[in-house]
Amino acid sequence: MNEQWLEHLPLKDIKEISPVSGGDVNEAYRVETDTDTFFLLVQRGRKESFYAAEIAGLNEFERAGITAPRVIASGEVNGDAYLVMTYLEEGASGSQRQLGQLVAQLHSQQQEEGKFGFSLPYEGGDISFDNHWQDDWCTIFVDKRLDHLKDELLNRGLWDANDIKVYDKVRRQIVAELEKHQSKPSLLHGDLWGGNYMFLQDGRPALFDPAPLYGDREFDIGITTVFGGFTSEFYDAYNKHYPLAKGASYRLEFYRLYLLMVHLLKFGEMYRDSVAHSMDKILQDTTS
């Protein structure tokens, strides 16, 4: 990290800066000053607005009493966007039961006007999504997310006409199921995989790196099931505090498909079979 670049940050008396691994979108650093330790994210060649949605999400988490990093500052230096947050010290272990309770607490926050979406778009390193407010979840999830992913996969040569035929069948099935399901606009993390939570040194769970959205809470829960990191204690505690509706086990596959399509777009052919398997499951399984 260039010292001249660091001089533009609103942090005084920086003693040490060291890279932090784990993400695939941002450069991440631990920054120590004379008085405190901070977490710095940098997105090269992007405007300050790149972090606007994440900042808004973290602020909503704070208002909801969700343990998460607190925003300190954001801005732009030499054409690079940055975000400074409090640094959360990770502990050795924690309670999956408490994590389930925390996510249930997050999802209990409802959009006051009953709208689905968010005040800002999702901006990722490889794709962006329109979050304009909608009256129904299906428009946000299917029209704005899945259809956009389908178009991008086709445009980038990762899907062909045969894939689109299968997708169109899957799409009809998803729409039919969501029209029967009563969705409520809960505050979502938006990217709740195992790498976006941690246990602090006192054992408390914390959430970070949100892609905020008001939507059906099954979206978050479905994403938790793709790559692991969540135990049966997590799901038992979540369902005890905020039980999922009948048929959730089938609908969760919709959100697994979404995440796998995102990964196919980001990482290529290695996820092609996983996406195909997920679409087959949606077509073959029945609501339980």
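Each residue, glycine too, has its Cβ placed from N, Cα and C.
Feature annotation from Swiss-Prot assigns ATP binding site to T86, Y87, L88; the stated evidence is similarity to another entry. Sequence annotations record features per position, and here Swiss-Prot assigns active site, proton acceptor to D191 based on similarity to another entry.
In this structure, T86 (ATP binding site) is part of a beta strand by DSSP. Distance noted between the C-alpha atoms of the residue listed as 'active site, proton acceptor' and Y87 (ATP binding site) is 20 Å. DSSP classifies D191 (active site, proton acceptor) as coil under the three-state reduction. For the binding-site residues T86, Y87, the greatest number of Cβ atoms within 10 Å around a candidate Cβ is found at Y87. Note: the ATP site is recorded as T86, Y87, L88; in the same chain, T37, F38, F39, P69, R70, M85, E89 also have Cβ atoms within 8 Å of that site's Cβ centroid.
Note on the residue listed as 'active site, proton acceptor': other Cβ atoms within 10 Å of its Cβ, all shown chains, come to 20. Cβ neighbours of L88 (ATP binding site) (same chain, under 8 Å, six or more residues apart in sequence): F39, P69, M198, L200, A206, F208.
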